[in-house]
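Colleague: So that we are looking at the same thing, I have put the structure below in structure tokens.
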Amino acid sequence: KRWPRSASSCGSRAVVAMAPRREAGLLLLLLVLPLASAGLSGYFGTKSRYEEVNPHLVSDPLSLGPGAGGSLPASCTPLQLRAVVRHGTRYPTAGQIRRLGELHARLLRRAAGAAACPAAAALADWPMWYEESLDGRLAPQGRRDMEQLARRMAARFPALFAARRRLALASSSKHRCLQSGAAFRRGLGPTLDFGGDEVEVEVNDSLMRFFDHCAKFVALVEENDAAMCQVNAFKEGPEMKKVLEKVASALCLPAEELNADLVQVAFLTCSYELAIKNVTSPWCSLFSEEDAKVLEYLNDLKQYWKRGYGYDINSRSSCNLFQDIFQHLDKAVEESKSSKPISSPLIVQVGHAETLQPLLALMGYFKDEEPLLASNFAQHAQRKFRSGRIVPYAANLVFVLFHCDHANASQEEYQVQLLLNEKPLPFHRSNETISTYTDLKDYYRDILENCHFKEECELPKVNVTAVDEL
């Protein structure tokens, strides 16, 4: 769907004046926020721990959770599993680390001044341990994410992960994805014979980083500031101004010394410390749960307009990955019908949040009736599109193809289950968690037949603005 230009309203950006209320604000912050900081973890967006969507893993990392048995009849045997997985917990990028260093340096200068400021002093004492060389690399927790995910998948589908079954591992070229793929393989242990302990991880950026190969997306969304006008407008809107004012007050900084990006870096540092080290960082004490909801919305706005439903090309650029999934499912069905062994029973591909989010949008999941805009934060309090619930670290979308022996009709012989983050994902047509393969292909017929990556991603011949084109 193409939203009309008037839906964006990015031209007028209201700037709210901010009066310093340092003493009262700081007192309130010191009294209330240490108690509230524990409630922030549900609002970290794409920087969320996997445990936020599966809380039972906190106490038992190998638990399959409630209702793990599924609803398939006993006569159905899994033939093929295709998993698209986001890499595990990672370190901040070099750019985020630079901004954090800049903010931390300001607090060090502030702490050295005459005026006492407890919050700033506490954060100045915080050891700045992040180095730019970490630049988005996989953290030790990220390896554990992948190893434990592999063990849970093998426990859920033991027949598919049995010895001497072929595992095809693919990854984006990013180091964190390659390491995640290797950690997934390690999680399966030495007892499974996948052709040696070190299964080769195939680099496949055309599928795992399709967005880099889509000229239309790169030119009109990725590298086009105008495409992010909703994000920029929200940064300057009243909700963000209120958060910025409060953080500036707590840190005894002039409001003009902070901006939305620096406030977001402070918030994300809280999220990184929790995900990487499992600690509540002093940075968390700057934010209340209400602040966290605003900062989550800022993150979700970016995901929505850059990777989700904001522009058609975001999701259409993933159609080669979607079609590849069905080509392998088709092949497994044909091999089964011919009584041949399934040549690719296990296909695990490791990519990014930016791989999974467009794919789920292409499939029509987590779509709200109204677009996410800078102006409708309150209206979207109960929105479906919450990136932390959809694509946390180690997020995974799994297609499982089954053969059912005692099917009532031939079209019911092959059935499919979808799992998102290890939970059954209902199908649109039926709202059931099981679909016949025939019905599923029929539902997505238009994408399977008419979404052509080369044509979708070709830059328009005439020079148009992003909003006109998208």
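Glycine residues also receive a Cβ, built from the backbone N, Cα and C atoms like all the rest.
Caution: TrEMBL annotation is automatic and unverified by curators.
Below are the features I grabbed from TrEMBL:
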type	residues	note
DISULFID	Cys76-Cys404	disulfide bond
DISULFID	Cys270-Cys284	disulfide bond
Colleague: Rank the disulfide-bonded residues Cys76, Cys270, Cys284 by how many other Cβ atoms lie within 10 Å of each Cβ and give me the one with the fewest.
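Modeller: With the disulfide-bonded residues Cys76, Cys270, Cys284, fewest surrounding Cβ atoms within 10 Å: Cys76.
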Colleague: What whole-number Å value do you get for the CA-CA distance of Cys404 (disulfide bond) and Cys270 (disulfide bond)?
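Modeller: Cα to Cα, Cys404 (disulfide bond) and Cys270 (disulfide bond) are separated by 48 Å.
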Colleague: Between the Cα atoms of Cys76 (disulfide bond) and Cys270 (disulfide bond), what distance do you get, rounded to the nearest Å?
Modeller: 45
